[in-house]
Each structure stands twice: as structure tokens, then as C-alpha cells.
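K.L.:
Let me begin by handing over the structure; questions about it come next.
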């Protein structure tokens, strides 16, 4: 009996030893996985504590009893700094706007034998001059996520301005005697600036989002759209005053980019990027600048809490990146579904004629039988875009994303069908009508289908795939941009205005149905709720509202 017990005990001990040895082997072979799991556990614990602290901060605005509050004077100082730095960052996008509008003021001179003489472009060459930048745009969109991660937000913005200066400089000093050389210089410059347009789509908005308080984040990220609209108006004005001297206009544009580059030099890097690279001291210093802290202040509770949250997010993102590849992420419904939604929105944006009118503004005004000077009509189109972009700052925060898109799509449909009917029935006595419909189309398209898709990119993708999703969306948008621009001269050659305007109106109408029946409304939803919506629509409402990540 004793012997049996000894044998049993010996067997148990041996079993325990074997289990221990097996466990040790598993730990050795799965060291990385355990490290990631431990890191995730630390993240969860820290996130709970940090969320509690940030909730107390948020309660301050609700009149409750937080442990600490931010004085109004300090918050006002922080807001001024955030708005000022966001303006410097988004000023970079002015060059993109000027580049988009540049063909509208130069094509008539470049394709006019009387003005350009032996340096005149034919229609096909003019089409390539206008659209070659759109071939390059997708490359800029694809590279933007990589460059943002490697260089940072500030240095990416500096790089964008540097490329812009080179591009505009090439056109400013283009040959005045050799047609082949001049045409090559124009194409190279337009291709380079096309890369820049793709690069510019995300960095200014990301910089603005990463330095700002949540309640003004939405408006500051729309600064890119405003600067692009302002750049288009700026270049239209140059075209109105210097309709035949596109080299001078290019030189002025280069000078604007030099000013933008110099303004970026003293600008601090964002705390989000610095924290993601483990530069906690620099991240804290950056946070102090953007949260209105004085140099002599040591540790403000709100700043330290926000810094801790950034560190948690950086660690979480690192674990997620280590546990999955980019191609694998594209198989997840929370990634590929919003990607398809964004591509559909951009398809409506491009094939409804929005960017075609921007690029071919003067030509389009003539085709629409506008009863005023075509360059003046282009200027009025630019003014309408700027005013509409200012309006969208307030419309999106108040009404959300779908209502502006629906209103925009309906009005775009009415305007394009109206232009089609005007040309079909050859209506007389209302020469003002085409101009009104054209400007109304630009105004309403800017409020919705032109601006909202770019703003939604930052919302619909989960954090782990935001760079990938945004890059692919921008790439698709600019590829469609190229197709739409190359198609327009062919459409003009083979179709009459009635059919062209009718096609644009029909695409706008399709966009209305897509937005109403398919597109998600992101206003008032947390990033987690949006992610769950695409994973499983029925579970979206069950996700607890997290005030830390609330979309305003």
C-alpha cells in the first residue's frame, strides 16, 4: 500500500515536472506573444485609469466637481495656439488649390495660336497638361502614410512646400523658344505637383487633428479644404488680371510656397507623433505648447493625463501592427467595407463633374453659354467655393455628414439637369440662368460631395488601419480624378452639352440614393461604434459610449 502511494506520488511529481517543462517550452517558443499579451494587459489597466481621469476633465465642462479644472485664460491661450499652428499647417494646401485651378487660366493661352505662336499646344497636348498631375496624385496618396510615419508631420509639410517651390519654379522659367523643351518642362512640373496634391490630402488635416481639442477638431481639419478653395480662387484672380502670362503666375505661386516653407520652420511636431516614436519628453513639451502651458510650469495634471493616454494608444497601435499585416487587415469587414463606401463617394464626386468644372472652369463657362467673360465666371466660381467651404465649417458640426451630402446631391442634380434643359430647348431671354446654375452647382457641391468625403476618411476606418485606409481611399479618388479629366475632352468631341450635363446630373442623382440608403452617419458615434457597425451592423447600438473618443 505504501509502495503504491510512493509510486503514485512519484508519478504525480513526474507529471508536475513534465507539465512545468512543457509550460517552460511554450513560454520560450511563444515569448513574443506573451510579451504582446502582457503589454495589452498593461494597456487595459492604464486605459481604465486614464479614462477615469479624462472623464473628470470632461466633467469640468458639465459643471460637475472634478479634481482639477483648466482656467479659461489658459484654455483660451491653448485655443489660439492650436488655431494659429493649424493655419500654418493648412497654408501648405494653398499650392494644391493653385495647381488644381492652374489649367483653367492657362489652357486658353497655351492653345491659342495668336497668343502662343510656335509654342501652341494642340487639344491632346492641352489635355495631358491639364490631367497629368492626376496620374501622379495616387502616388502621393500612397506614399503619404509612409512619409508621415518616417519623417513626422512637420517635416512632411516642409517636404511638400519644397516640392511645390521646385514645380512652380520649373514652369516660371520654362523655355520661351523651344517647344519640345517647354512642353517637357510643363509636364514634369505638373507631374511633380500632382505628387504634391496627393501628399497634401492628409498631412495638414492630421497635424490639425493631433494638436487640437476635440470640440474644434472637426473645424480645424476642414482647413485643408478651405485653403484648397482659397488657392483655386487665388489662381483664378491671377488668370483674370494676367490672362496671357502664365509664367508670371507660376513665379508668384512659387513665392507663396517659399513663405509657407519659412512659416513652418518654428512650428512644433505633434505630441501624437512624438509619443508614437517613444519620445515622451518631447511629446510632453509639445503638449505644453498646444495646451497653453507656460515655460515655468512643471507638471499640469491635465497634460500628464493626456500624455499617458497618448502613450497607451501608441503601445496599443504597436501591438496591433505586430499582430497583423496590411494585406490581412484588408480582409476585415471593418476595413474593406468603409473603403468601398469611400471609393463609391469619390466616384460620385469625380463623375458628377465637380473637379472637371474646377480644372476647365473658363472652358466650361463658355460651354454653358454663360453671358459674362469666361475668366470672370471662373473667379465667381472660385468665390462660390470659398464661401461654401466656410459654410461647411458650421454645417457638418450641426447637421452631421449625410444631410449635407443629400442636400448637395439633390441640388447638383437640379443644376445639371437645368443646364441640360437650357441647352436642349435653347431658351432665350434668360442669359443669366446658366451662370446662376453653374455657381449654384459649385456652391452646393462644395458643401457636400466635394468636402465631406475627405473629412470622413479620418472617421470611418479603425485606428489600426487608418493610414492604410486613408491612403487607398485617396489613391482611388485621384485615379478617378484622372479618368474624369481625361474623359471630358473626349466627351466634348463626341457628345453635345445636353448629354454631358445630363450624365453629370444622373451621377449626382445616383449619389443621392447611395447616401440615403447605404452610407453611415458618423456624427454622434464613437470610433468604436463605427468600427462595430461595419463588423456587425446589429451590434453597433450596443457599444457603450466612450466620451474619450467621441466624434463631434
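Cβ atoms here come from the backbone N, Cα and C positions, even for glycine.
A quick note: this is a predicted structure, and the numbers were derived from the prediction, not measured.
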K.L.:
For which of the residue intervals 36-58, 59-81, 220-242 does TrEMBL record transmembrane segment?
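P.N.:
Feature transmembrane segment in TrEMBL: residues 220-242.
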K.L.:
Checking feature assignment: transmembrane segment per TrEMBL, candidates 248-267, 268-287. Which range matches?
P.N.:
248-267
K.L.:
Write down the single range among 157-175, 290-308 that appears in TrEMBL as transmembrane segment.
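P.N.:
Feature transmembrane segment in TrEMBL: residues 157-175.
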K.L.:
If TrEMBL is the reference, give me the range from 500-520, 521-541 marked as transmembrane segment.
P.N.:
500-520
K.L.:
Could you pull out which residues elsewhere in the chain have a CB under 8 Å from any CB of the transmembrane segment (374-396), counting only those six or more residues past its ends?
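P.N.:
Distant Cβ neighbours of the transmembrane segment (374-396) are 101, 104-105, 108, 218-219, 222, 225-226, 229-230, 232-234, 236-237, 239-240, 243, 357-358, 361-363, 365-366, 404, 435, 438-440, 442-444, 446-447, 451-452, 455, 523.
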K.L.:
Taking contact to mean 3 or more CB pairs closer than 8 A (sequence separation of 6 or more), are the transmembrane segment (83-107) and the transmembrane segment (468-488) in contact?
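P.N.:
These two segments do not touch.
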K.L.:
Examine the transmembrane segment (248-267) against the transmembrane segment (127-148) and state whether at least 3 Cβ pairs sit under 8 A, considering only residue pairs 6 or more apart.
P.N.:
no
K.L.:
For the transmembrane segment (431-456), which partner among 127-148, 181-199, 220-242, 339-362, 468-488 gives the most CB pairs under 8 Å?
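P.N.:
It is 339-362 that shares the most Cβ pairs under 8 Å with the transmembrane segment (431-456).
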K.L.:
Please report, as numbers and ranges, the same-chain residues at least 6 past the borders of the transmembrane segment (220-242) whose CB is under 8 Å from any CB of it.
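P.N.:
Residues 82-83, 86-87, 89-102, 104-106, 200-201, 204-205, 208-209, 212, 248-249, 252-253, 358, 361-362, 375-376, 378-379, 381-383, 385-386, 388-390, 392-393, 396, 446, 450-451, 454-455, 458.
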